[in-house]
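Novice: Feature list, courtesy of Swiss-Prot:
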TRANSMEM  18-38  transmembrane segment
TRANSMEM  39-59  transmembrane segment
TRANSMEM  76-96  transmembrane segment
TRANSMEM  99-119  transmembrane segment
TRANSMEM  138-158  transmembrane segment
TRANSMEM  163-183  transmembrane segment
TRANSMEM  209-229  transmembrane segment
TRANSMEM  230-250  transmembrane segment
Amino acid sequence: MSVAAGGPAGAAIPESRLMALGIIGGLGGIYASTVNPVIGPVFASLGAVCAIIWGADAIRRVASYGLGTGVPSIGYMSVSIGIVGVVAGLASVFTLPALAAPVVGLILAMILGVVVAVLGKKIVKMKIPILEKCTAEISGAAALSVLGFSAAIAGSYTMQAVLTSVIATGFIGLLFILNTMAIQHPFNACLGPNENQTRTLKLAASTGFISMAIAGLLGIGLNPGWWLVSLVGALCWVVAFKSFVSASFEEAASVKWSGLWPKEEEQ
């Protein structure tokens, strides 16, 4: 059971597949951001959603070793690490080809995630066996999701474009909050004895797509494809959220929309 401090419940989708989805989908979307001024930002945003789903699953695995109180903490910490990795990766253009920037950002974020996790185990004495692996994954997912949405806003993943359209405008602060909530909220909302991976990841898709819709609005005046990003994000959010609600109804013992639950003797 996921809140029994003994690790996550069974997984319908192997973590290796979700990692592949996050890394391949995330990087693919980022690199495709420049193929077309209108379609490119949509690809970048979809890549960010792939990374968010990967990160949400990693949160699910690592946070299942406690009562769930550390879900927001590791979420904010890991997205901070991811942003540091992204900025450092973008800055690598001074020594490496611009094409390498997203990969460098991902690698740096994951390395920093491992370092922070090791410090957490050695100094804070956190007894979570998969802390290093999951912190690295969440940090990497955060890096790709932030860079994906940044590319969607700026229309490109290059340092100059992101610096001008995302960092200088202050949108990077909003992306920090937005991506943290998108990654950590699914398990935070679904945790409990009956939590399961499928329902949690349906909510992760929902939070990812609503974040995509918001990222599209941030691109108003910055790229011509902002409206399509918001439209696709909003439509996909409706589908994902309806799927999550349906799954919740199917697995609930009963549903009550308002008022107090009846006492046992009144049933």
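Each Cβ is built from the backbone N, Cα and C atoms, and glycine gets one as well.
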Novice: Short question: most Cβ pairs under 8 Å with the transmembrane segment (138-158), which of 39-59, 99-119, 209-229?
Specialist: 39-59
Novice: Between the transmembrane segment (76-96) and the transmembrane segment (230-250), do 3 or more CB pairs sit under 8 angstroms, pairs being 6 or more residues apart?
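Specialist: Result for the transmembrane segment (230-250) with the transmembrane segment (76-96) is no.
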Novice: Determine which residues of the chain contact the transmembrane segment (99-119) at the Cβ level, with the cut-off under 8 Å and only residues 6 or more beyond its ends counted.
Specialist: 23, 26-27, 30-31, 77-78, 81-82, 84-90, 92-93, 131-132, 134-140, 142-144, 147, 157-159
Novice: Report yes or no: does the transmembrane segment (163-183) come within contact of the transmembrane segment (39-59), defined as 3 or more CB pairs under 8 Å with a sequence separation of 6 or more?
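Specialist: In contact, yes.
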